[in-house]
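Look at TrEMBL and you will find 1-21 tagged as signal peptide. TrEMBL lists 30-146 with the feature domain 'Beta-hexosaminidase eukaryotic type N-terminal'. Residues or ranges marked as domain 'Glycoside hydrolase family 20 catalytic' in TrEMBL: 171-475. TrEMBL lists E318 with the feature active site, proton donor.
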Amino acid sequence: MGKMGSEMLIYVLLLMAGVLASGRSSQVKIWPMPASVSYGHTHLYLTNDFGFSSNYGSEILKDAFDRMLALIKLDHVIDANFSAFNSSSLLQGLHIVISSPNGQLQYGVDESYKLIVPSPEKPAYAHLEAKTVYGALQGLQTFSQLCYFSVTSKVLQIDMSPWTIIDQPRFSYRGLLIDTSRHYLPVPVIKKVIDSMSYAKLNVMHWHIVDTQSFPLEIPSYPKLWDGAYSPSERYTVADAADIVSYAQKRGINVLAEIDVPGHALSWGTGYPSLWPSKDCQQPLDVSSEFTFKVIDGILSDFSKIFNFKFVHLGGDEVNTSCWTTTPRIRNWLKKRGMNESQAYQYFVLRAQNIALSHGYEIINWEETFNDFGNKLSQKTVVHNWLGGGVAQRVVASGLRCIVSNQDKWYLDHLDTPWQEFYANEPLTNITNLKQQKLVIGGEVCMWGETVDGSDIEQTIWPRAAAAAERLWTPFDKLAKNPRDVTERLAHFRCLLNQRGVAAAPVAGLGRAAPEGPGSCYRQ
């Protein structure tokens, strides 16, 4: 019998003996819930020199382990008398086995892992195995939730051992949008958001960088674009952007960059007024000008040196084309080409798509592009649903891929949408064909920036984003049919976020709610 076979036999015997229990028990406090969980009834204690060994030499892995250890210590002083513990209850380290040498983070990377605490072969160690280093990162996040600092024994403790957790994500794309145009978010704030995303196993930060209000990012090809920033200090240099991408990748998170065209782009014209249809009618971008597409090409060329995710987001939503017909120069251009406004909108979006394709990107566009001319979109398009239900169903029936962010359920700026609705929102609603289900690559919660900045972004994102994170990670048959059944576990995760320095709001309120009166974190 092979190694995995012997482990399975041990697992079955323990289950029969009643040593292990089902992961459906309310005692399991892991968030998001793994695909398969079994546990026992004994306590383990981490030694003061708890470390890790691995067959895989990687700075990413070493840094992730060190961060995990810091997270579970939470600045407590480990002050235990280890000689008083039974040696069989001491855990000396974690052994990590990674089978793929490829350390490249990209879309669809294998994030599966298996965690056994303690290892049947080496009971003084926990055992984590994964296909890739990014699966190992997810396993470390889960391990961190098994551990806590015991104030009575003054040591890091694991209850309910032995644990066997076999896990992988349900969807490959699990996103969170941040918006740095409506309010500038300082780089340390963005990094804190990235950290908190990793705790909930979200893996794409959609960076809605620019919009009508401001253009904060340096674009070397067209250096006057960031004249559209709110102020000289509310800007990101190329090095800032590259640093954010690197920081995210070390945590298993891809950064999806967005330029929203042709609408939502008034700020572009602050530095280059010729991008506006006219001084009095400033958006959408001028469809008749070759310069417009040269600038888009320059931006995407610069993006390709910083943002190495497979996809780029080209927006395409909420385009009011009236400036094109009220500006005589553009009106004449349209007339010469026999185009009406909607045809010009299609021409713009498709031309921008071709530019993105020329830089090696696949494309994400907001759903209006599909609603208006879906059969003309590149086959490399992912349609981003936001307006409401039923769209994903139509998108995948047409053969295109889809990301779900329907605003009635997954917009974090809608403060009156409770976490229960975030949890219950099912991306595959009414999609029964297995081939079409695979075209829904995942979902994303959106933190639009009109009413958030560095002062309140965390409590507006959390804990509601965590509710969606479980929907996107956990197998469908392991999700609670009634969100009420996960309230206690989500409250526990919210308190864990608070302990880790993340300003997550109470579970009991709506978005950004304040705690009510004195009381335990776990009851709010």
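Glycine residues also receive a Cβ, built from the backbone N, Cα and C atoms like all the rest.
TrEMBL annotations: computationally assigned, not manually curated.
A quick note: this is a predicted structure, and the numbers were derived from the prediction, not measured.
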Q) With DSSP, how much of the domain 'Beta-hexosaminidase eukaryotic type N-terminal' (30-146) is helix, how much strand and how much coil, in residues? A) 35 helix, 37 strand, 45 coil
Q.
Suppose we draw a 10 Å sphere around the Cβ of E318 (active site, proton donor). How many other Cβ atoms does it contain, all chains included?
A. 12
Q. What is the pLDDT of the domain 'Beta-hexosaminidase eukaryotic type N-terminal' (30-146) when averaged and given as a whole number?
A. 96
